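So that you can see what the record holds, here are the features copied from Swiss-Prot:
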- 16-160: domain 'Flavodoxin-like' (DOMAIN)
- 22-27, 69-72, 107-116, 142: FMN binding site (BINDING)
- 215-502: domain 'FAD-binding FR-type' (DOMAIN)
- 400, 430, 431, 432, 433, 474, 475, 476, 477, 657: FAD binding site (BINDING)
- 514, 574, 575, 580, 581, 582, 583, 584: NADP(+) binding site (BINDING)
């Protein structure tokens, strides 16, 4: 196993810039994986999130790869929109990027109507500015049985083939072999000083929280963690309530931090509590889960790492939630707060760990096969690399084995500390739609409350059995379940994807299951605000049982009684009777269909669908197409075009999640 310096990996003139647009971190992980492949081909590689990239630098680039995630209804990730808006500016010369060659790969979910639209738009716009497309853009589909890999693998083969033709290696220069170890993308440095150990001991109480404060997060208090579903119901859905720190807590924090310690703060300080002025219906609260102590101890033992060793991290691809040098932390804190070993391993994980298993061992041979690597003699006999990749899918991804379980089974794999942050993925913040409404009766920018304002979430706990019959609990679920009331929890509010309807527009809202959460925020905000409560609201909710999982039941019934002339509640319970009834069945009932059609065509109603992605949004859309046919006299094609027009006007919106 040979280690190669980055400077020795690249040939002069071979430069590739990889820009990624991400919402949850998937495209940034993919950027790292592709950068390693590019380094083996002797490219100088630069990786950047477009939110930190100056778009005026595009004219200086020669070869670029864009990795584009899809959010909302076929939209660019939130942090990528300034970059996209820059490209749309009027007056940009049509040949300004004539010296740029690019390729683009999109990440999306084909159950959405606007599957991978951002990558299509970006590709077209870059060509419109004179850039040359190396290979037709690719579209990775989460719904493929192999996930994104179903399209990524074949597309990357085409990409590298074209790139090799465009930029052939110089005579006598070879690619870096697949069995040679590249330098890590994240530098992990041991901190040996006694001063460092003392500082670690001082900061250890809440180092993560303080760092997140510097990044714009706030510290909240968990005030409620209450089960909403019946104890005998299969799904545990929790009502979580977070409130800002009171003044006593603020003063205590100031005292513990120290009057002379200078601390930089982000846009929302923890000492100010949750900034209630900054959110509106449809917005998102982010939580940062951590690993439990017992699991961390097991992982430390498996990796044979000293928990108390202090390290500092450095690298351009480290997420903002992770402190970099000169800040440092113990290895235990690194595994507790930042590295995820409970997730399902990706192809990239196997590509990494195979290099840390002894060459010639049975485990190394199996790991090679999982990566589609076979000896020449096996290939000559007809071995198919895709068969090995499919076998990896059946071993790891289909039964949802965790990274820890894979490492426990492949005992020969010994990952050194220097590579630990390359092999294990980062813990990603979890996003939840806010279920509570901001203080009403004032404009958003004037919403200020002297009393602590509670932000509420409706969160389904992730607990299931794998195909191997193993009980599995999600990382965030395990963390939330262990939090006692009164815990200090870092949070940050992000803008949602909904375009809020105008005050005079009627609302038609569809929210099965936990999809009712963002709709609750919207409904309460509309009804409790005298300047907004002008038009009718039709709310369609779907649950299994009236007595077991009817979320926010008393709230809906109270609103129905208090606003009987405006608020119209329709509920479907799919398991209460012999015939299963779903929200789409209620929508097409003749009486409802007539009222809804009038609201849409005569009063410009807006429709919002919230909940799980997959078949539900498609079936609900089909129900409205059915109304267009039955009430509007349209044929099938006209009904589809009618719904497409509503979507273009933002009068049809989906707030759905996987």
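Note: Cβ is positioned from N, Cα and C throughout, glycine not excepted.
Swiss-Prot feature annotations superimposed on the structure.
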residue : record               : DSSP (3 states)
22      : FMN binding site     : coil
69      : FMN binding site     : strand
109     : FMN binding site     : coil
115     : FMN binding site     : coil
477     : FAD binding site     : helix
514     : NADP(+) binding site : helix
575     : NADP(+) binding site : coil
583     : NADP(+) binding site : helix
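Residue 431 (FAD binding site) carries a strand DSSP state (E or B). Across the domain 'Flavodoxin-like' (16-160), DSSP assigns 58 helix, 35 strand, 52 coil. Cα of residue 581 (NADP(+) binding site) to Cα of residue 25 (FMN binding site): a distance of 37 Å. A distance of 34 Å separates the Cα atom of residue 22 (FMN binding site) from that of residue 582 (NADP(+) binding site). If you measure from the Cα atom of residue 109 (FMN binding site) to that of residue 433 (FAD binding site), you get 20 Å. For residue 574 (NADP(+) binding site) paired with residue 431 (FAD binding site), the C-alpha to C-alpha distance reads 28 Å.
Ranking the binding-site residues 25, 115, 433, 475 by the distance of their Cα atoms from the Cα of residue 583 (NADP(+) binding site) places 433 first. Neighbour counts of Cβ atoms within 10 Å were taken for the binding-site residues 22, 433; the minimum is at 22. Mapped onto three states, the DSSP output places residue 400 (FAD binding site) in coil. Counting Cβ atoms from all protein chains shown, residue 431 (FAD binding site) has 15 others lying within 10 Å of its own Cβ. Over all protein chains present, the Cβ of residue 583 (NADP(+) binding site) has 25 other Cβ atoms lying within 10 Å. Within the model, the domain 'Flavodoxin-like' (16-160) shows a mean pLDDT value of 91, rounded to a whole number.
Checking the binding-site residues (25, 72, 112, 582) against residue 400 (FAD binding site) with a 10 Å Cα-Cα cut-off leaves nothing. When the Cα atoms are compared, residue 475 (FAD binding site) and residue 115 (FMN binding site) turn out to be 29 Å apart. Here the Cβ of residue 581 (NADP(+) binding site) has 15 other Cβ atoms within 10 Å, regardless of which shown protein chain they belong to.
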